[in-house]
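Trainee: Let me begin by handing over the structure; questions about it come next.
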Ligand SMILES: Cc1ccc(CCc2c3nc[nH]c3cc3c(=O)[nH]c(N)nc23)cc1
Ligand SMILES: [Zn+2]
C-alpha cells in the first residue's frame with residue numbers, strides 16, 4: 001500500500017467535540033509524523049535554506065507549487081530533470097498545490113468557467129487554460145507524493161451565493177481530478193470549500209468524504225478572516241471528514257493557530273509565516289516574537305532563543321543577527337528562517353508528545369501562557 005494513515009491515538013482533553021489526533025502518514029517517500037508542519041518551498045526550494053538544513057529543522061514533508069513551477073521552468077522541464085525530488089534533492093515526501101489558489105489570490109484577470117480557470121502568466125503574459133486535468137498532469141510531472149485537487153477559492157467577504165457557486169464548482173472539479181488517470185504512487189487530496197458558512201462547509205465536506213480521496217484539506221481559510229472564525233469553521237468541518245484519513249488545514253498559521261487547530265482535529269499544516277517573517281527579521285520564540293532589527297538588540301550578546309538548538313541560536317548573538325539585517329547580508333534572512341522552521345517543528349513535536357500523554361489541553365495552555373496569550 002503506497003499510502004496509509006496510521007491513527008495512533010486521540011486526546012479529548014480539550015473537550016471541543018472533536019479530539020486532537022496523533023498519527024503517521026506513510027508515503028512512498030517515507031513517513032510524516034502528525035500533527036505535522038510542512039515548510040513551503042514554492043519554487044522547489046525552501047527559500048534561503050539547503051535541503052539538509054530543512055531536514056535538520058525536523059521537517060518531514062515540504063510543499064511545491066503547480067502555479068509557479070508550471071510556469072517556470074515549466075512542468076516538462078521539471079519532468080526532464082527527474083521531477084521535484086531529483087531536481088531539488090529532497091528525498092522525503094512532497095505535496096504540491098494545484099495552482100488555483102495562486103490564480104485567484106494573485107491579483108490579475110482570470111476567467112472562470114465550468115471548464116477551467118483561464119489566466120495570464122505573471123511572467124510572460126501568456127494565457128494559461130488551467131483545467132482540473134491539466135493541474136493533475138502538471139503535478140504528475142512534478143512527481144509529488146500528494147497532489148491537491150484544483151479548487152475555486154473566493155476572496156472573503158463574499159455573498160453566500162458566490163461562495164456556494166465556488167464550493168459546488170470545487171466539488172465538480174474534485175470529481176474530475178479523481179477521475180484523472182494519474183500515477184498509482186501519487187495520492188490525491190480533496191479540498192473542502194464553503195467560506196465561513198457552516199451549512200455549506202458541512203455539505204461540501206460530506207460530498208468530498210463520499211469520494212475516495214487519500215486525504216482531506218480544509219481550504220478557503222487563512223485568507224484574512226479573524227482567527228476565531230477560522231477555528232469555528234475548522235471545528236464544524238473536521239467531524240464530517242473520514243477519521244482514518246489525514247486532514248490538512250491549508251495556509252495555517254501562527255504557532256497558536258497550529259495548536260488551536262490540532263485541538264480541532266487537524267493533522268497537517270503549511271504556512272509561509274516562519275520563512276516569510278524570518279526573511280523580514282521576525283523571529284518566533286518561547287518568550288514571544290522578536291523583531292531583530294529593533295535597536296534594543298544592538299549590543300545584545302544573548303541568543304535569539306536560549307531554549308533553541310538551531311544554528312542561529314547556538315552560534316550567534318542577537319547583536320550579530322541584527323547586524324546582518326541592518327547591513328542587508330543574505331545570511332540574516334537564512335538564519336532567521338532556519339530558526340523559525342526549527343521553532344515550528346519544536347512546537348509540533350511538543351504537540352505530538354502531549355497527545356501521546358493525553359495532556360494536549362495542558363500543553364496548549366502552557367504555550368499560550370509562554371506566548372503571553374490570554
Ligand atoms: C507551495 C504552496 C504554497 C501555499 C499552499 C497553500 C495555498 C492555499 C492557502 N494558503 C492560505 N489559505 C489557503 C487556502 C487554499 C485553498 O483553499 N486552496 C488551495 N488550493 N490552496 C490554498 C500550498 C503550497
Ligand atoms: Zn533557533
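Quick reminder: no glycine exception, Cβ is built from N, Cα and C everywhere.
Straight out of TrEMBL:
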type: ACT_SITE; residues: 97; note: active site, proton acceptor
type: ACT_SITE; residues: 270; note: active site, nucleophile
type: BINDING; residues: 97, 98, 99, 100, 101, 151, 193, 220; note: substrate binding site
type: BINDING; residues: 308, 310, 313, 339; note: Zn(2+) binding site
type: DOMAIN; residues: 20-370; note: domain 'tRNA-guanine(15) transglycosylase-like'
type: REGION; residues: 251-257; note: region 'RNA binding'
type: REGION; residues: 275-279; note: region 'RNA binding'
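Let's see these features in context: how buried, what's close, how far.
Mentor: All protein chains included, residue 97 (active site, proton acceptor) registers 31 other Cβ atoms within 10 Å of its own Cβ.
Sequence-distant contacts of residue 270 (active site, nucleophile), defined by Cβ-Cβ distance under 8 angstroms and a gap of at least six in the same chain, are 37, 38, 39, 40, 63, 95, 248, 250, 251, 252.
Applying an 8 A CB threshold to same-chain residues 6+ apart, the list for residue 151 (substrate binding site) reads 98, 100, 101, 170, 173, 174, 191, 193, 219.
Taken residue by residue with DSSP, residue 308 (Zn(2+) binding site) is part of neither helix nor strand, so it is coil. All protein chains shown were included, and the count of other CB atoms within 10 Å of the CB of residue 308 (Zn(2+) binding site) stands at 19.
Helix, strand and coil counts under DSSP for the region 'RNA binding' (251-257) come to 3 helix, 0 strand, 4 coil.
Secondary structure by DSSP for the region 'RNA binding' (275-279): 5 helix, 0 strand, 0 coil.
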Trainee: For residue 313 (Zn(2+) binding site), what residues in its own chain, 6 or more apart in sequence, show a Cβ-Cβ distance under 8 Å?
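Mentor: Counting only residues 6 or more apart in sequence, the Cβ neighbours of residue 313 (Zn(2+) binding site) under 8 Å are 303, 304, 305, 306, 339.
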Trainee: Rank aside, I only need the closest one: which of the recorded positions 97, 99, 220 has its C-alpha nearest to that of residue 308 (Zn(2+) binding site)?
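Mentor: Checked the recorded positions 97, 99, 220; minimum Cα distance to residue 308 (Zn(2+) binding site) goes to 97.
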Trainee: Quick check: which same-chain residues outside 97, 98, 99, 100, 101, 151, 193, 220 lie with their CB within 8 A of the centre of the substrate site CB atoms?
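Mentor: Result: 104, 148, 149, 150, 152, 153, 170, 191, 219, 250.
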Trainee: Counting all other Cβ atoms within 10 Å across every protein chain shown, which of the binding-site residues 99, 100, 220 scores highest?
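Mentor: The residue with the densest Cβ neighbourhood is 220.
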Trainee: Can you tell me which of these binding-site residues sit near ligand 1, meaning the Cβ is under 6 Å from at least one of its atoms: 98, 151, 220, 308, 310, 339?
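Mentor: Going through 98, 151, 220, 308, 310, 339 in sequence order, those close to ligand 1 turn out to be 98, 151, 220.
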Trainee: Can you name the far-off residues of the same chain, 6+ from the ends of the region 'RNA binding' (275-279), with a Cβ under 8 Å from a Cβ of it?
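Mentor: Answer is 39-40, 46-48, 333, 336-341.
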